[in-house]
Ligand SMILES: [Zn+2]
C-alpha cells in the first residue's frame, strides 16, 4: 500500500528469515502453522495442528513401514534416454539432477524385510524424483519388486505417489503400464496379497495401470487420486465438480478404496491385513496331505493311464 508495506517490511522479514535456519522450522502448507522440524519428524511429517499429511521421501517411507534391519535392493538399470529427448533441457540432464538431489537412480525404491515380524516386499515412489513419473526405470523397479515378492513368498506393498507417465520417454513410458500390470499379476497368481497404498498424489498412468489392481486399496487422508486433472474433466463435462472430488475420502465413499488410513496407523494396519490374509495360507499345507492320502485311489487311477 505504501513504501513501508511494499518495500521495507519484506526486506526486514527477509533479514530475520535468514537468521532462522530453514531446516529448524517447517511451515505446514495447509494451515500455515510453524512446526518444529524435530516434532515433524517424530510425527512422520503429519501436521500436529490440522492433520495434513505432507509428502515424505521413499527412504523415510521404507523406514517407517518396515521393521529395522530391512534391506534395500539394487534395481536393474533401464536404458537412459531411449528417445534422446530434449525440451528446454536434455532429459539426461534432468535425470542427473534428480539423481543427485534424491540419491536414487529412479523414482522408486524397493526393499524387503518384515512388517511386525511378517515378511514383506515394499516398493515406494519418490515424488521428488521428476514427480514420481513412470518411465522404464520405474517399470523395472515394479517388475523387480513383484518377482522378489514371489521368490520370497511375501506380500507386495506399493506406496504410490506419481504424476503419471514420464513424458520424456514417450511410448516407452506407456509400455510400463502393461508391464507393471503383468508383474503384479505374477504376485496374485502366486496367491500372495498385493496391497496398494495411494499417497498424495497418485494420478495418470500409475492410476490407470497397477495402482487400481490391488487386492486391498488403502490411501492416506486427503490424498489426490485420479486419472485426468480436475480442471480438464470440468472443461470436458462442462459441470462443476463436487466438493472433495478425487480426494481419498470421496473415493472411499464411492467404493474405489477399501480404507483411508492415517500415516501413524499405517504400519499396524498393514501388519493386521497381512496377518489376516496370510494365516490361512500358512495353515493349509499341514492339512493338505491328509485328504490326499485318504483319496489315494483316484490319484492311482489317474497315474495308470499315463503309464500305459
Ligand atoms: Zn497444518
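Using N, Cα and C of the backbone, Cβ positions are placed for all residues, glycine too.
Pulled from TrEMBL:
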| type | residues | note |
| --- | --- | --- |
| BINDING | 28, 31, 47, 50 | Zn(2+) binding site |
| DOMAIN | 24-292 | domain 'CoA carboxyltransferase N-terminal' |
| REGION | 287-308 | region 'Disordered' |
| ZN_FING | 28-50 | zinc finger |
Sparsest-packed of the listed binding-site residues (28, 31, 47) - C-beta count within 10 angstroms: 31
Per-region confidence, the zinc finger (28-50) (mean pLDDT, whole number): 95
For the Zn(2+) site built from 28, 31, 47, 50, further residues of that chain with CB within 8 A of the site's CB center: 29, 30, 32, 33, 35, 48, 49, 51, 52
Other C-beta atoms that fall within 10 angstroms of the C-beta of residue 50 (Zn(2+) binding site): 11
Helix, strand and coil counts within the zinc finger (28-50) (DSSP): 6 helix, 4 strand, 13 coil
